[in-house]
Amino acid sequence: MARRCGPVALLLGFGLLRLCSGVWGTDTEERLVEHLLDPSRYNKLIRPATNGSELVTVQLMVSLAQLISVHEREQIMTTNVWLTQEWEDYRLTWKPEEFDNMKKVRLPSKHIWLPDVVLYNNADGMYEVSFYSNAVVSYDGSIFWLPPAIYKSACKIEVKHFPFDQQNCTMKFRSWTYDRTEIDLVLKSEVASLDDFTPSGEWDIVALPGRRNENPDDSTYVDITYDFIIRRKPLFYTINLIIPCVLITSLAILVFYLPSDCGEKMTLCISVLLALTVFLLLISKIVPPTSLDVPLVGKYLMFTMVLVTFSIVTSVCVLNVHHRSPTTHTMAPWVKVVFLEKLPALLFMQQPRHHCARQRLRLRRRQREREGAGALFFREAPGADSCTCFVNRASVQGLAGAFGAEPAPVAGPGRSGEPCGCGLREAVDGVRFIADHMRSEDDDQSVSEDWKYVAMVIDRLFLWIFVFVCVFGTIGMFLQPLFQNYTTTTFLHSDHSAPSSK
């Protein structure tokens, strides 16, 4: 019986020993907390200083957990940060050997004195941290407090290079009620921590430098400022905004290549202009309504709208020239020289003047007229009263050749002329009238074709000008942000005026 009870007693003794040790450890921590927070020796409303002139040094460091958003239009940056604060409280000290070598204890932060460090440039009225976590207190009185916070801070948005922009959003921390004669804020690290940072899909973190600011005119002022230097990832705006704008603008190039007879020049121009206006309205809803600067995309849209407006004006001029005729306008000699001879060669254009059948006939007729081959179509017989006339074979052949027809054989003996009836004079006059009328119409058509060719040359000239300005203007605008030297020094030393004391 004694042998059976021995193992059971051993197990019961071991269990009681563990229970007593756990209760003993819990009792030790409870005794320590009661000792530290005893109202007779500790008051959380009093600054932990032995005298009024002693400074309480508070070490501060920001750990960025997440860059939630940057609202450009409202100029607000929302961040999830952990605000590390360390200081010493001589009242929260103990001897570890008196409390089972317990060197650290966690105390509710609302039961101890806290430096009232708040975000000064807050944008929504939430100056405090989101959650009052426990503070870790060491036996030597050093306190480590790491509360999480979601801050909405005011951020001045620079829209000059949007969407290839880089922003500098600052977060200024300062004690709300204590000044430099009571609390000395010190940077724990020169840069904010990114150990627990979750990458953002819209922004890249360039640098997170911190600095301690003092006011030489006010010896009681001190604050800790962190510069959040962030660069936008432009892929989203490039795909959804810039590339469609470039493609729509390239459609305006086709306006100058479109024939004037089709009647769609003005329709295409106005359609492109309306599409660009829609994109301009989208931009106005994204960027802040500031008059200090114009965003890069806005500049490009205005640039393209000016080009499209220019294409509308030139299309009106081209259509006006295209529909000119000899009855309304006379072509000046310098117009013929410039637009029919000089510019076509420079624009790599070649007028098919010598390859058209009508043009070949026109040139042959003019050559015959210069040679005098058709000077006289008929000649009268001797005697004014005679009704006899003679057909001039050479004149008939010359006139036929002038119009590109084979001369008909003339019956009769091999003389130069033969007598004919008196009614032939009237027939010859009618033929002469028809020939003169056809010659006049042919000349008018030639002038009209010259005006159309002048319009074509003007169209081609403006086409090259538009392509040149559009391509080089686009490249020059969107390469401009790449040549900007974004350095941390530029942001840190730009317009940092001395802050005013509270």
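Each residue, glycine too, has its Cβ placed from N, Cα and C.
Swiss-Prot assigns Asn215 and Asp293 to topological domains bearing the same name, which places both on one side of the membrane. Sorting each residue of the topological domain 'Extracellular' (283-296) by its DSSP state yields 3 helix, 0 strand, 11 coil. On the backbone, the CA of Asn168 (N-linked glycosylation site) and the CA of Asn51 (N-linked glycosylation site) stand 41 Å apart. Packing against the transmembrane segment (239-260) from elsewhere in the chain are residues 163, 268-269, 272, 275-276, 279, 282-283, 297, 300-301, 304, 307-308, 311, 314-315, 318-319, 322, 452, 455-456, 459-460, 462-463, 466-467, 470, 474, 478: each is 6 or more residues past its ends and has a CB under 8 Å from a CB in it. A sphere of 10 angstroms centred on the C-beta of Cys155 (disulfide bond) encloses 23 other C-beta atoms.
Long-range neighbours of the transmembrane segment (459-478) within the same chain, counting only residues 6 or more positions beyond its ends whose Cβ lies under 8 Å from a Cβ of the stretch, are 164, 242, 246, 249-250, 252-253, 256-257, 260, 296, 299-300, 303-304, 307, 310-311, 314, 318, 343, 347, 349. Here Cys169 (disulfide bond) comes close to Val70, Met77, Ser153, Cys155, Lys156, Asp227, Phe228, Ile230: these same-chain residues lie at least six apart in sequence, with C-beta atoms under 8 angstroms from its C-beta.
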